[in-house]
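Q: According to Swiss-Prot, the feature transmembrane segment maps to 20-42, 70-92, 105-127, 137-159, 166-188, 234-253, 266-288, 326-348, an assignment based on sequence analysis.
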Amino acid sequence: MATVPSNPAFAPTLSTRGRLNGILFVALFAVAVTQLAAMPAIANLGISPLIVGIVAGALYGNALRDGVPASWAAGINFSARGLLRIAVAFFGLRVSLQEIAEVGWSGLIVSVLVVTSTLLIGLWCGMKVFKLDRDTALLTAAGSAICGAAAVLAFESALRSAPHKSAMAVGSVVLFGTLSMFLYPLAINAGWLHLDTMGAGLLLGGTVHEVAQVVGAASNVSPEATHVATIVKMTRVMLLVPVLLVVGLWISRSRKAGQAQGNGRIAMPWFAFGFLALVLVNSMQVLPGSVTQAVNSLDTFALTMAMTALGMETRFSQIRQAGPRALATGAILNLWLVGGGLAITLGVQKLLG
């Protein structure tokens, strides 16, 4: 086995090389994950490359982690942290104010009520009923309330929480989001929910976890419902910024009162402001459509890299400690999204005509 030169001048070079090798390793792994996610058997389930990435990364990280050189750890960590923040910021290019305005007040009100109520219920159930730590409860609630795995990533970065906590939250998104994608169209098409096209779009966009799952579910209802559902879902994504800021304020105040769990601090979510800035850029339509599409594709790949790296840093032994309780919290939230989401949708439609 080669020895590391003792001359300190070599250290930065070796450190940089190891970091780059780690990033390249994650990138190559993400390429394989992207190809795997594109297979019809997986793509037809509405499972995004992000979810496939964290699952595949976790399997590799637990079964073959000794095969990764220690010097690569910095690159893997950068992919799970630094690259993650950049990718979440560029997620803003998928949203425009014009699209949100197209659905009107109905979409905004449904989104705000669903996101707020789901976060509060998730925190209360997770921390008070199932005795989860603050970060795990918040990550699980954010994944259900806002935009699935992307929201988990954003909160994980801001909270600086352990990777296994994100994995548990993503597991909830996978299970209950996939169930919703199949069960919602069945109930809507059978007439059990008594929703018109607008109502179906509001419900699907306002309550299904992942963007891909929303599109998958709504496409089995009608093209019109798919259009409405996608815009409402993007409205929920837009709420990521104010929610992160409010959560940061809450944690900061809890720390001052000496009541916070964990490290009691939240990282400054500069990527949230980047997200908002890119929403404005997309709304002004200053970029050609082809450029926006290319950037969005690169952003999806960067998010896949981040999820893969998080999976590699996850240990199943840590998940087993709180996994059932996190899953139970996700189940309660899913029941709320179905029942409470339907009530909110019908109430808003009745109120606004």
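Placed from the backbone N, Cα and C atoms, the Cβ positions cover glycine too.
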Q: Kindly say whether the transmembrane segment (234-253) and the transmembrane segment (105-127) touch, using the definition of 3 or more Cβ pairs under 8 Å where each pair is 6 or more positions apart.
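A: Stretch pair touches.
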Q: Look over the recorded stretches 20-42, 70-92, 105-127, 137-159, 266-288 and say which has the most C-beta pairs under 8 A to the transmembrane segment (326-348).
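A: Selected stretch: 105-127, with the most Cβ pairs under 8 Å.
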Q: Taking a Cβ cut-off under 8 Å, which residues six or more beyond the ends of the transmembrane segment (20-42) line up next to it in the same chain?
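A: Tertiary neighbours of the transmembrane segment (20-42) are 48-49, 52-53, 56-57, 60, 68-69, 71-79, 83, 301, 304-305, 308-309, 312.
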